[in-house]
Each structure stands twice: as structure tokens, then as C-alpha cells.
Amino acid sequence: MISRRALEIATAALTGIFGVVVVVSSIDNGIGWSSAGVDAGTFPFLTGIIIVLGSLYNMGQGALGRGTLAMVRVAVTPSELRRLAGLFVPAAIFVAVIPIVGMYLASAGYVFAVLALPKQQSVFRAIAIAVATPLALYVVFERMFQVSLPRGALAAAFGF
Amino acid sequence: MENLQSLLHGFTIAVTVPHLTLMVIGVLLGILVGVLPGLGAPNGVSLLLPLTFGMQPVSAIILLSSMYWGALFGGSVTSILFNIPGEPSSVATTFDGYPMARDGRPTTALATAFGSAAFGALVGVILITFLASWVAQVALAFGPPEYFAVYFLAFASFVGMGGAAPIKTVVALAIGFAIAAIGIDTVSGSVRLNMGIDELVKGVSFVVAVMGLFGIGELLIAVEEEFQARAVSSRVDWKEVFRALGRLPRHSIALLRSAAIGCWMGITPGGPTAASFMSYGIAKRFSRNGARFGSGEAEGIIAPETADHAAGTSALLPMLSLGIPGSATAAVMMGGLMIWGLNPGPMLFVDQKDFVWGLIASMYVGNIVAVALVLLTVPVFAALMRIPFAVIAPLIVIICVVGAYSVSNSYLDVVLMLGFGVVGYLFKKLHYPLAPLVLAIVIGDKAEDAFRQAMLMSKGSLGIFFANRLVTTLVLAGIALLLLPLVLQIVRLLRKPDEAAHEKVRII
């Protein structure tokens with residue numbers, strides 16, 4: 001179970017870290033006024049500062065349990081977390097294997113795994129959807145819009 | 001009169017067989033994303049965007065805007081038949097639409113909703129027809145300081161009137177600016193914020209951001225809230241459709257008031273969702289049948305639907321004439337405009353007459369097409385709701401992945417997209433607003449350029465933002481909007497604490 005407070009603090013920390021990164025890397029570009037006008041780093045530097053300050057405020061509000069959603073104590077229940085992971089983890093694996101096996105194989109495998117393994121659908125229907133998906137991608141992208149999708153290292157090894 | 005002539009010329013562009021076909025496709029796809037929970041107008045338009053890169057700008061914008069109309073209509077279908085809003089902006093339609101449908105009058109509810117929605121859209125389009133070119137003409141005289149002031153006003157109004165926690169809005173805006181700054185700086189040519197990753201030199205395309213934020217992010221939200229579709233009968237009785245439409249003029253005051261609220265909220269970046277809620281609330285307070293709202297009252301459907309569509313349509317006015325989108329969907333479309341090589345803003349009305357008036361004419365035609373199609377396809381799409389979410393979800397993930405990749409054939413974009421998905425989920429969950437984030441990604445660079453050019457003109461003095469009456473008014477209005485939440489907070493503290501607690505409950 002994830003409490004709302006923890007989620008607020010974590011999100012504010014995330015935005016805050018992004019803000020710090022923005023501030024640090026914009027200092028490299030120079031901030032302030034030079035002969036060519038406003039330096040390239042000035043605008044990002046200011047936005048970075050705003051992000052950091054705003055994140056600190058949001059973190060404080062979250063930690064104190066104030067703000068518009070103060071009544072909601074629990075952000076994610078265990079069963080919700082399981083469903084979230086059930087969607088996100090396979091999607092992340094799908095994205096991770098694209099450089100190896102290519103978009104077509106990866107998408108077919110992903111669809112099959114998501115539909116057949118948790119017994120959401122019958123195996124036959126899962127296979128049908130898993131075959132239809134890359135075919136549809138091929139027709140729409142490669143044929144109609146001439147966007148070539150990655151074929152992956154595996155296909156390259158076989159000389160495609 | 002010149003406007004009418006241009007509009008007629010626009011009709012000759014919009015009413016051609018290929019464009020009518022695109023409208024039908026766009027509207028059908030729009031109804032589809034509108035009906036499917038977890039997908040809405042902004043996601044639909046961003047998912048479709050990569051496919052439009054090779055098209056003529058007019059054709060592309062007709063396809064995307066038709067999808068937008070379709071999504072607005074589709075969202076109402078599920079609100080009324082299933083009590084599940086397909087779109088955030090049609091939440092208010094469930095209040096009276098679903099009770100009416102449950103009482104055995106689904107056709108009446110649907111026809112009332114579509115009729116008033118079409119009226120709202122019509123008012124929005126008429127407003128655009130007559131005001132857009134005038135606003136653009138005024139804006140042609142703008143210099144960099146005026147432009148920055150207008151951008152500032154747009155950002156400030158998100159903070160002041162957006163409805164989310166003000167500091168969260170500010171953080172979302174600033175993150176958008178920082179993301180827009182990644183890559184090569186257009187003024188000095190130096191590389192900014194690439195954080196040591198060479199590939200980031202090309203910058204982060206807003207398409208990648210919206211795919212993740214709206215596509216994956218909303219999917220995660222949708223999968224978390226397990227939903228079950230329990231439909232009332234979705235058969236359409238045609239005689240009742242015309243009877244219900246015939247009864248609409250009786251509610252003309254509600255129609256006009258809601259359309260006015262919608263147009264106002266659409267032009268200022270309040271957006272369709274805020275507009276529909278506000279219109280419902282006001283109708284409830286002023287209607288003679290106010291007490292019966294919530295039990296299937298026709299006016300309870302008319303008010304949110306009219307305002308929703310009026311706001312959705314008029315959100316395109318500032319996008320076209322000033323280059324500032326009034327809603328998240330408009331922001332995505334504006335990003336599209338830039339990718340197709342157009343420069344949104346007043347110059348469009350000078351350089352791209354065919355594009356502008358073709359689009360405006362297509363709004364009239366597209367909305368008629370949308371009303372007809374949505375009525376014809378209600379049973380089909382109602383049946384679609386029975387496709388299990390488990391099948392739809394992986395397909396949406398694949399569309400997002402392929403879409404992000406196809407922007408610039410880069411694998412990094414796919415990974416970034418997934419990252420934006422997590423951010424989108426967290427932001428949505430904790431009520432950080434996404435619209436200002438997208439807006440800042442799309443026009444962050446332009447706002448920064450305007451600021452820096454203004455600074456060059458004034459040799460670094462901020463006084464240029466108070467140099468003439470126009471720019472001073474804009475800047476002061478912006479500052480006032482920024483401070484509005486603070487003032488409200490103080491007022492609330494001065495009142496009794498228990499009243500303040502009530503206020504809080506109401507906001508939720």
C-alpha cells in the first residue's frame with residue numbers, strides 16, 4: 001500500500017531533482033546578460049529555480065497532509081498496485097526488447113504474453129490478435145506512411 | 001463581409017470528396033477514442049499526429065479537428081448510456097444524462113445532448129468566424145514585448161483559473177519550459193540541458209511527451225480504477241430524436257447562457273471540463289427546475305453539453321489567431337501545425353488563408369457530420385464497450401510506442417515516452433494539471449524568444465513591459481491572475497474556519 005503522503009513527497013522530490021539538474025546544467029550555458037543579449041542559460045536557470053522552490057513547497061504541503069486532496073489518505077491499494085504493475089511491467093519489457101528483436105516480433109510477443117498468460121483470452125484468440133497486430137503495423141506504417149520501424153539486432157544478424 | 005467571402009472560399013476547400021472522407025474517418029476515430037475510457041481527445045489527436053506528417057496541412061488539420069469533434073460527442077455517449085464519462089469534460093453530463101437514460105428515455109437523453117452540443121459548437125464556430133481574423137489583425141501589430149505579455153497572460157490564467165493547486169500548476173508549467181529548452185538554443189546556437197546525452201541535442205518532441213502523458217499515463221489511471229460497463233438499452237428511436245430536438249428551443253435561455261460560458265472558458269484557458277461543470281452549477285442555481293437536477297432533467301444535460309462543445313470549439317480561436325492554444329487538445333494540434341511547417345499566430349491569416357478558412361469551414365461541416373454519424377453509430381459503439389479492457393490496453397501501448405518512435409526514428413524517444421507515462425500517471429493522480437505542462441512544451445521556446453528579443457530591444461531593461469498601454473494592461477492582468485489564488489486564500493482564512501472546510505470539500 002502506498003500512502004498519499006509518500007506519493008506526494010516522492011513526486012515533489014522527483015520534480016525537485018529535475019529542477020536541480022536544470023539549474024546546474026544551465027549554469028554551464030551562462031546566465032545573465034552578455035553582449036549578445038540574454039544568455040542562453042538564463043531562461044532555463046530561472047525555470048529551474050521555480051521548479052525547485054515549487055517542489056519544496058509541494059513537498060511541505062504533502063508532508064503536512066494539507067492541500068485539496070488531504071482527505072484521501074491512501075493513494076494506491078495493493079490490488080491497484082498489482083493491476084498497475086500488470087500493465088506497466090510487460091510494457092517496459094516490451095520497450096526493452098525492441099532493440100534486440102525489433103518492433104514486429106516484440107509487439108507480437110507482448111500482445112500474446114499479456115492476453116494468453118493471465119488467461120484473459122483463449123489461446124487461439126490471443127494468437128490471432130498477436131499475429132494481426134504486427135501485420136496491421138506493417139501495412140499502416142511501412143506501406144501507407146513509409147515509416148520504417150526498427151527490425152532489431154536479431155533481424156540484422158540474419159541479414160535483413 | 002470579407003469574412004463571409006473567405007468563409008465561402010473555405011467551403012470550397014472543405015467540401016471536397018477527399019476532405020469529407022477525412023472528416024468521416026476523423027469523426028469515427030474520434031467517437032472511438034471518446035467512447036473508450038482511458039482515451040480522450042488529447043490522446044486520440046496525439047496518437048493520430050505521426051500519421052499526418054506527410055499530409056497537406058489543411059487535410060491534416062481537418063482530420064485532427066474532426067477527430068476532436070468526434071471525441072467530444074463520443075464522450076457523451078458513454079456518460080449517458082453507461083454512467084462512465086469517456087472524457088473528463090463529459091463528467092457533468094452523467095449527472096442528469098444517465099438518470100434520464102435509466103428511466104427508459106435513452107434516445108431523449110442522447111438527442112438532447114447531441115442537439116445542445118451541436119448548438120454550442122455552432123456558437124463557437126460563429127465566434128471564430130467573426131472574431132478570429134479581427135484578433136489576428138490586432139495581433140499583427142504586436143512586437144516581442146506584446147507577445148511575451150500575451151504568453152505570460154496565458155500562463156498566468158492557468159495558474160489563476162485552472163482550478164488545480166496553484167503551486168502545482170506553476171511547477172508543471174516550469175517543467176514544460178525546461179523540457180522545451182532541451183536541445184539547441186535557437187538564438188545563440190548553443191546546446192542546452194542535454195544532461196550528457198548526445199542524442200538529446202535534437203530536443204524532446206512534444207509528441208513524445210503527449211503520447212506518454214496522455215496515452216500511457218491515462219492508461220495507468222484507467223487500469224487502476226477497474227470499471228464495469230452496465231449499459232441501458234442503446235436502441236435509437238428516430239421519431240423521439242426529432243421530438244427531443246424540437247423541444248430544445250424551449251430551453252433557449254439555458255442554451256445561450258451555457259454557450260456564453262463555454263466560449264469564455266474556451267478562449268481563456270479554462271478548458272471544456274471546467275466550462276461544463278461551471279455551466280451545470282450555474283444552470284442548477286438559476287433554473288426553475290433546479291431542485292430536480294440530478295434526476296434526469298433536460299436542462300441538466302443541455303447546460304454541460306452546450307458549454308463543453310462551445311469551449312472545445314472556441315479553444316481554437318486563440319490558437320489560430322495568437323498562437324496560444326486554449327486547451328490541451330488545441331495545444332497538441334498547434335504542435336502539429338508547427339511540425340507541418342506552419343507558424344501559428346496572426347501571420348496565418350495573411351500567408352495561409354486557404355488553411356485557416358478551410359479549417360473554419362470544415363468546423364461547420366465537421367460538426368454536422370459528427371452529429372449525423374454519432375446518432376447512426378450509437379449501437380455500434382455501445383457494443384464496443386464490451387470489448388475487454390485487457391485487449392485494448394496493450395494495443396494502446398503499442399500505438400504509443402510506435403508513434404513515439406516514428407517522430408524521428410529514435411529509440412530514445414520510446415524510452416522517454418515511457419518515462420513521460422509514469423510522470424503523467426503521478427501528475428494525474430496527485431492533481432498536477434497536464435494542460436499547462438503540454439502548453440509550455442509547445443510554446444515555451446516562442447515565449448522565451450519573445451522575452452529575449454524584447455530584452456535586446458530595451459538593452460536589458462524590464463521597463464519595456466510597461467512601455468505602452470497595451471503591454472502594460474496585458475502584464476498587469478497577468479500579474480493579477482497570478483496573485484488571484486493568493487488573494488482567495490487570504491479571503492478564505494479571514495472567514496470562519498468551518499466555512500473554509502466546506503469550501504475544501506466542494507473543490508474536491
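Please read every residue number as a count from 1 along the shown chain.
Any Cβ shown, glycine's included, is placed from N, Cα and C.
TrEMBL labels come from automatic prediction, so no person has curated them.
Here the transmembrane segment (A:7-25) has long-range neighbours at 44-45, 47-52, 54-56, 58-59, 61-63, 67, 75-76, meaning same-chain residues at least 6 beyond its ends whose C-beta is under 8 angstroms from one of its own. The transmembrane segment annotation in TrEMBL covers A:7-25 (among others).
Residues annotated as domain 'DUF1468' in TrEMBL: A:12-150.
For A:45-64 (among others), the entry in TrEMBL reads transmembrane segment. Residues of the same chain lying 6 or more positions beyond the ends of the transmembrane segment (A:45-64) and with a Cβ under 8 Å from any Cβ of it are 4-5, 7-9, 11-13, 15-16, 18-23, 26-27, 31.
Feature annotation from TrEMBL assigns transmembrane segment to A:84-117 (among others). Here the transmembrane segment (A:84-117) has long-range neighbours at 76, 123, 125-127, 129-131, 133-134, 137-138, 149-155, meaning same-chain residues at least 6 beyond its ends whose C-beta is under 8 angstroms from one of its own.
Through the fold, the transmembrane segment (A:123-141) approaches residues 103-105, 107-109, 111-112, 115-116, 147-149 of its own chain, all at least 6 residues removed from its boundaries and within a Cβ separation under 8 Å. What TrEMBL lists as transmembrane segment is A:123-141 (among others).
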What is the number of residues in the domain 'DUF1468' (A:12-150) that are helix, strand and coil, as DSSP sees it?
101 helix, 7 strand, 31 coil
Predicted model, mean pLDDT over the domain 'DUF1468' (A:12-150):
84
